[in-house]
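> What Swiss-Prot shows for this protein is this:
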- G86, N117: anthranilate 1 binding site (BINDING)
- G86, 89-90, 96-99, 114-122, S126: 5-phospho-alpha-D-ribose 1-diphosphate binding site (BINDING)
- S98, E232: Mg(2+) 1 binding site (BINDING)
- R172: anthranilate 2 binding site (BINDING)
- D231, E232: Mg(2+) 2 binding site (BINDING)
Amino acid sequence: MSTPMDIKNALNRVVNQLDLTTEEMSDVMREIMTGQCTEAQIGAFLMGMRMKSETIDEIVGAVSVMRELAGKVELKTLDGVVDIVGTGGDGANIFNVSTASAFVIAAAGCTVAKHGNRAVSGKSGSADLLEAAGVYLNLTPVQVARCIDSVGIGFMFAQSHHTAMKHTAGPRRELGLRTLFNMLGPLTNPAGVRHQIVGVFNQALCRPLAEVLLRLGSKHVLVVHSQDGLDEFSLAAPTFVAELKNGEVTEYWVQPEDLGIKSQSLYGLAVESPAASLELIRDALGRRKTENGQKAAEMIVLNAGAALYAADHATSLKEGVALAHDALHTGLAREKLEELGAFTAVFKQENEA
């Protein structure tokens, strides 16, 4: 039994460009997440890791500890339960595509356990958007599970489930850089989903994160980054995909046209606030009275369709997109959004009583 790695030894390693093993990284992360390190040590470690560049082993070690310390959501089954999530940090300030897509996925009859947070770098995070839509966020894990069982979709507010993250908040904010933690959120779904779309801020992360999820037991995952820099499937450019399926990772590019959708510019899809994002999404999921609403609907269908494929609810990306198109155009997705708001309002009364 080797002695556990501590943060001082880890800093010494990292500053010399030496990698940590999965176990060593887990030791250091446990020290950080249980409040045993100073903010200076945490900041130095995150910066050193970023400059050295995190290995698959190190990310696996970090994710394992975060999953272990998370407030878990226990579901009856994880078969076909999907999450659609991005690292954020793509700098595009586009409306909340993955959150809007989640309601289309649920409308198509697939179960969604959505993990998300407030905006870090963008104008509107998934939590900000849902709050604007009247969804109550401060749920217990049991209440989230009830949402998922009854509505077919539930939202896990990252800060409620990953309370150990509070130790890193100061250093992360003060560094103002993307760090290891930007990658960890999408990999630490509190329900333990094994089907996922993960959007990343850099194409170079696609394959490594697919490999990390393979090591951690995921079944069918698409890790994506578009050529125009988005952490999701783009309407305006090809998207690079690292797909984990049947225990193997394959890489390919996909164009909107391959999936039966016409490419178009992203003009009109950027938002300045959660309220503006919500207005665009309500139009896209509703009557599509504006040109931007129609375009947003296409972008949502593209991403929701990919998630239906990752959930094995469809046998191909193209079939997933066709199913998502039908689910959006029935108006059911808009109803799901209102239904989740109404369902969580009951818990709000209970929790605040």
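Glycine is no exception: its Cβ is also placed from the backbone N, Cα and C atoms.
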> How big is the gap, in Å, between the Cα of D231 (Mg(2+) 2 binding site) and that of T99 (5-phospho-alpha-D-ribose 1-diphosphate binding site), rounded to a whole number?
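So the alpha carbons of D231 (Mg(2+) 2 binding site) and T99 (5-phospho-alpha-D-ribose 1-diphosphate binding site) sit roughly 13 Å from each other.
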> Is it possible to get the count of other C-beta atoms within 10 angstroms of the C-beta of G122 (5-phospho-alpha-D-ribose 1-diphosphate binding site)?
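Neighbour count, Cβ to Cβ under the 10 Å cut-off: 20.
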> Near E232 (Mg(2+) 1 binding site), which of the binding-site residues G86, G116, N117, A119, G122, R172 can be found within 10 Å, Cα to Cα?
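Within 10 Å of E232 (Mg(2+) 1 binding site): G86.
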> For G122 (5-phospho-alpha-D-ribose 1-diphosphate binding site), which of the binding-site residues G86, S98, R172 has the nearest Cα in space?
G86
> List, in sequence order, those binding-site residues among N96, S98, T99, R172 whose Cα sits within 10 Å of the Cα of N117 (anthranilate 1 binding site).
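Within 10 Å of N117 (anthranilate 1 binding site): none of them.
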> If one measures from the C-alpha of S98 (Mg(2+) 1 binding site) to the C-alpha of G86 (anthranilate 1 binding site), what distance in angstrom results, rounded to a whole number?
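A Cα-Cα distance of 7 Å.
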> Under a three-state reduction of DSSP output, how is A119 (5-phospho-alpha-D-ribose 1-diphosphate binding site) classified: helix, strand, or coil?
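SS state of A119 (5-phospho-alpha-D-ribose 1-diphosphate binding site) = coil.
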> Let me check the 10 A CB neighbour count of N117 (anthranilate 1 binding site). How many other CB atoms are there?
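Step by step: centre on the Cβ of N117 (anthranilate 1 binding site), count other Cβ atoms within 10 Å, giving 19.
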> Quick check for the class: what is the C-alpha distance, in angstrom and rounded, between R172 (anthranilate 2 binding site) and A119 (5-phospho-alpha-D-ribose 1-diphosphate binding site)?
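Here the two Cα atoms lie 14 Å apart.
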> Taking only the Cα atoms, work out how far G116 (5-phospho-alpha-D-ribose 1-diphosphate binding site) lies from G86 (anthranilate 1 binding site), in Å, as a whole number.
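The separation of the Cα atoms works out to 9 Å.
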